[in-house]
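Chemist: One structure follows; several queries about it will come next.
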């Protein structure tokens, strides 16, 4: 049996299900490219039949990704498989992933069928998917609670039908490692054609055991792990990709297993997913948390000074978190910024140097020294910018009355190239700024959540504001970044306004297409 574990990333499918606001196609493509750099073997990027937006994002990613296999999910229904195949047809290499529930509670309560009927549907779906590709994965949903005789029978028949990967999910995160390892071992002992497929596992974290269950599974013969960056996902989340990658790397001598993951891309990928998904990483999160390589105990610090491996089983550098002694100030030239971006893992194609350097100088003039996290934050915001923004914040001036708690904001907002100046009074500076921007733009946005975080340390740290806003029954996520919290808040609002403007344009375009179809049909 091979010692290579296939890493199947489902950040853009299962992970996205946890988000308050859906990612845009551009944001999904950014994450897909980061996953490709990270070295994932397979990336599951959506559920094409679920919506036109999901279909478009799967198709866009499938056209772009070259080094990872692109996968799409489908139920055990021909219409789902057709949509997946159509969206993936432009990919250099792709996989169709079809699934159906197999546990008694799901079969009887959700599907309201007999197990034999479900088995027939599964076999039919695998055979149908094989018409489009040899790479078909089949999942036994809620396998962790499926009677073992039924599970063995389902796996055997799915392999006979042509599935080349069989996924055993712990869908509700219910099993413990000894139990889950036993399920995998039983499949290898009792399914006669098990050697004709790769056994995969997909573990949820409801009891905090997703990583432990996944490691136990590969110790018992599974050779694919399904996971997400930062462990994001439905309910309590999924198995964490970075934890799996570093466990298999750090304990390679004991486990004898390896992956194709480029660990030096872990920190960068984790940060990107956290920012785009508006899901901060908890400080004590293994591998990528802010405290993962921080030592505060005097005894620990003393040991670290004597020998780093006294209290570190891996280094920050191993996940791409470099210790940098290079001071970047307003006197730093373009070559310094380019060199530092290269050391941080960014290629010239990942950012616009002219825009980034201009933003860097503005920030350096404000705070003096610019750090790595500042530079990465600026690169992130530059990557989010669009050339066709309908709204642009040109100026913001705020006056606050600390005795009454009121504030007045004056803004200049460019609306389709025309500058409009407005002022408003509000209950604090952020409220005043939002009211002024709304007046200037004529765009009313209902904000459902507001989150402020610091990007860096000290009083000059960049502030990042993430807002979720509801517009026409849809959630949109906006991000703003500035050393001034009120300015960051206004930028986040303008970001959302541009997203809603584009959504309206798309809706109008679809309406015109439908109208043209109706008119042509009536001729």
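Placed from the backbone N, Cα and C atoms, the Cβ positions cover glycine too.
Swiss-Prot feature annotations, pasted as is:
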DOMAIN    5-267  domain 'Pyruvate carboxyltransferase'
BINDING   14, 202, 204, 238  Mn(2+) binding site
REGION    392-523  region 'Regulatory domain'
Chemist: Under a three-state reduction of DSSP output, how is residue 14 (Mn(2+) binding site) classified: helix, strand, or coil?
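Modeler: SS state of residue 14 (Mn(2+) binding site) = coil.
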Chemist: Of all the binding-site residues given, 202, 204, which residue's CB has the most CB neighbours within 10 A?
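Modeler: Result for the most crowded candidate: 202.
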Chemist: With a 10 Å radius around each C-beta, find which of these binding-site residues (14, 238) has the fewest other C-beta atoms nearby.
Modeler: 14
Chemist: Between 0 and 100, where does the mean pLDDT of the domain 'Pyruvate carboxyltransferase' (5-267) sit?
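Modeler: Its mean pLDDT is 97.
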Chemist: Taking the center of the Cβ atoms of 14, 202, 204, 238 at the recorded Mn(2+) site, which other residues in this chain have a Cβ no more than 8 Å from that point?
Modeler: 10, 169, 171, 203, 205, 210, 226, 227, 228, 233, 234, 237, 239
Chemist: Using DSSP, what's the helix, strand and coil tally for the region 'Regulatory domain' (392-523)?
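Modeler: Per-class counts: 51 helix, 58 strand, 23 coil.
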Chemist: Helix, strand or coil at residue 238 (Mn(2+) binding site), per DSSP?
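Modeler: Its secondary structure by DSSP: strand.
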